[in-house]
Ligand SMILES: Nc1ncnc2c1ncn2[C@@H]1O[C@H](COP(=O)(O)OP(=O)(O)OP(=O)(O)O)[C@@H](O)[C@H]1O
Ligand SMILES: [Mg+2]
C-alpha cells in the first residue's frame, strides 16, 4: 500500500508548486491512475514515490513505512519504474537492458535469461528477434514495451508507470492494456499509472486521480467520476461522450428489470447478454438485432430484461438532462 | 636522395632513437591516463571545478610546446632531460583527456541515468554501468588523440636533450642533411599514422555497437 | 633559477616586438589560405553530389593533422629550402582540418525538417544554402576558424627552425642559450597574439551570427 499525506513539491526557480498538498492512498493490488493535462504534476508525483524527487512537505509511506527513512537504492529495487522517456541504456542490448535489475540483485544467469525471454514474450516481442538488438534499432513503441518489461523484470510488488503506452499505435495499445489487466489479475501489483488519455484511465483504473496544476481535483472510481464530476474541468476532461463511457462502466444487471417469476423467465427472447457485461455491449447487440430489449443472464440462467428506455432514462438522469 | 640507405647505414642509431621515442610516449601515456582520467571523473561530479580545470588545460594547450620545455628546463630539479620532457608531455595530455572524459560523462542522456536511479542503482553502479560505458566512445577518442599528440610533441623534446626521432630532424636541419631530416620525419609520421589507424580499428571492436551509430566527434590535435 | 630582470625586460621590450609582424604574417597567410581552401571544400562535401566522398577526403585531412608539425615542416624543408615557404605550406596544411571538419559538421547538422520546410516554401537549392544552411552554420564554422587560428599561432613558432623567423626565433634562442627569460618574453607575446586573434574572430562571429542563435548559445542550449 502506498500512502501520501499532504505532499507538496515546489521546484527551485518556479513560483507555482508542481505538486500541492496531495493526499492519496493506493491499496494493495489496485491500479491507481493519475490523469490531467500536461504539466499538472503527474510525473513529479510519481517520482516522489521512489524518491527521485524529494517532497518539500508531507509524508509518503509504503506498506506503513516512511520512505524518507529508507535507503533510496534499496527502495527503488522494490519498485518497478517505467519512465516517460523510456531511457533504455544505448550500450546494452535489449536483453541486457531487461536483465539490469536482476543483475543488480545478483540473480543466477539462467534464471535471468528465462525471465528476460518470458517478459519479451509477454510484451509481444520475439525474444530471438529483439533480444540481441540495441535500443536504437527499435521503433518507439517497441522501445516503450521494453521499458515496461525492464520495470517488471525483478517482479517488484509496486509499479510506477509513466505514460507507458503513449508511443504505441492504438491497436497494440489496446492489446497491451488488456494484457496489463489480465496480468494484474494474477500479479496483484500495486500500480500507479500516469496517462493523458482519459479512455485509458477509465479502462485501467480501479481508482482515478484527476490533477490540475498540482492540485487534486477529484478522486474516486471511474464510475464515481463519470457520474458525479466535481466541476467543469473534470466534465471537459471526460469528453463529449460521457454517457456512452458511463454505459461502458455500468453492468447490464444494474439497469435491468429482474424477472418477477418463472413464467416471465420462460418468455425471455433469444438475444442475451451476461449480467456483468457493460451496458454498452448490450446496447451494441440491441442495435445490431434491431430490438428494444435484451435478456440478461447469469451463465445460462435468464435473470432479467434490459430495456432501451431504461438505458435512455439512466443516461438522461445522470447527465442532468443538460447534454 | 637515399632515405632508405640512410636508415640502413645508421640502423643502430635510428633504432635507438625510435626506442627512446616510444619509451617516452608510453611512460607519458601511462601517467596521463591515470592522472587525467581520474581528474576528468572528479570534475564531472563537481561541476564547479570543471570550468577552472578545463580552462587550465586549455591555457597549457595553447602555449607552444617548445616554450613549455624552455620554461620547465630552468626549474631547479628538472633541468634538461627525461624528467622535464615527461612533465611537459603529461601537461599537454591534460586538455584532450580531461575534456573528453568530462564531455563524455556530461553527454550521457539524463533520462538514462534517471532510469538507472529508478531501478535502484547506487552512485557507483550508475558510474560504472551507465556513465562510464556511455562516455567510453568519447574517452577513447580522447585517448586516441592524446597518443597521436604525444608522439608528435615528443619530437620537440630533442631541444632539451632527448635523444629521439626529433633529433634526426633537428640535427638534419642544422647539418643541412636532407636524408636525415626525411628519415626522422618519415619514421615519426609513420608511427603516428599507424597508432592512429590501429586505435581507429580498436574503436570498432571495443565500443558497444549500440553506441557506434552516434559517431563520436574527435577532438583536434594540436602543436 | 636566477631570474635576470634586465635581460627579460630587454627581450620583452626590444627584441621580441620586432618579431610580432613576422609572426602575424606566419599566422594570417596560412590561416587565410586554409579558410579559402577548407571552407569551400567542406561546403562541397555536404552537397549531395559529393557527400559520398566526404569520409575519404576528411580522412586525408585527418592524416595531415596526425603527422607531427615538426615532421611536416621538416618534410618540406629539403625541397623548398630556408625561409617562409616550407613554414607557410606546413602551417596551411595544419589549419585545414579544424576548419573543414567544423564546416562539414555544421552544415550536416542543420535539421532536415528545416531544409524540408524551406523547400516547401519554394526555395531553390542555392537559396536554401545561403538563407538557411549557411547562417545556421556560422557559429560552428567560426569555432573551427578560431581553433585553427590559436593552433597556428603556437605552431608558427617552429618556422624559426627553417629560417622562417617569427617569435620562434627568440624562444629557440632562449632554449639554445639556456635563457629562460627569452623563452618567457616570447611566449608572452604568443599568448597575447592568440588571445587577441581569438577575441577578434569572436567579434566577427557575433557580427555574422543570426540574433536568435546568439541568445541560444548564451544559454548553452545549442
Ligand atoms: N526538474 C524540474 N525542475 C523544475 N521544474 C520542473 C522539473 N520537473 C518538472 N517541473 C515543472 O513542474 C510541473 C509539473 O511537471 P510534471 O513533469 O510533473 O508534469 P506532468 O504532469 O508529468 O506533464 P506531462 O504530461 O507533460 O508529462 C511543470 O510545470 C514542470 O515545468
Ligand atoms: Mg510527465
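Glycine too: its Cβ is placed from the backbone N, Cα and C atoms.
Checked against TrEMBL, the range among C:177-197, C:198-218 recorded as transmembrane segment is C:177-197. Annotated by TrEMBL as transmembrane segment, the relevant range among C:28-45, C:118-135 is C:28-45.
Counting residues 6+ beyond its ends, the transmembrane segment (C:83-100) has Cβ neighbours under 8 Å at 25-27, 29-31, 33-35, 37-39, 41-42, 45, 57-58, 61-62, 64-65, 69, 72-73, 75-77, 141, 144-145, 147-149, 151-152, 155-156, 158-159, 162-166 in the same chain. Residues of the same chain lying 6 or more positions beyond the ends of the transmembrane segment (C:148-171) and with a Cβ under 8 Å from any Cβ of it are 11, 15-16, 19-20, 22-23, 25-27, 30-31, 34, 69-70, 73-74, 77, 82-84, 86-88, 90-91, 94-95, 98-99, 182-183, 185-187, 189-190, 193-194, 197-198, 201. When Cβ-Cβ distances below 8 Å are used as the criterion, the transmembrane segment (C:57-77) is approached by residues 38, 41, 45, 85-87, 89-90, 93-94, 96-97, 100-101, 104, 155, 158-159, 161-162 of the same chain, each at least six residues removed from its ends.
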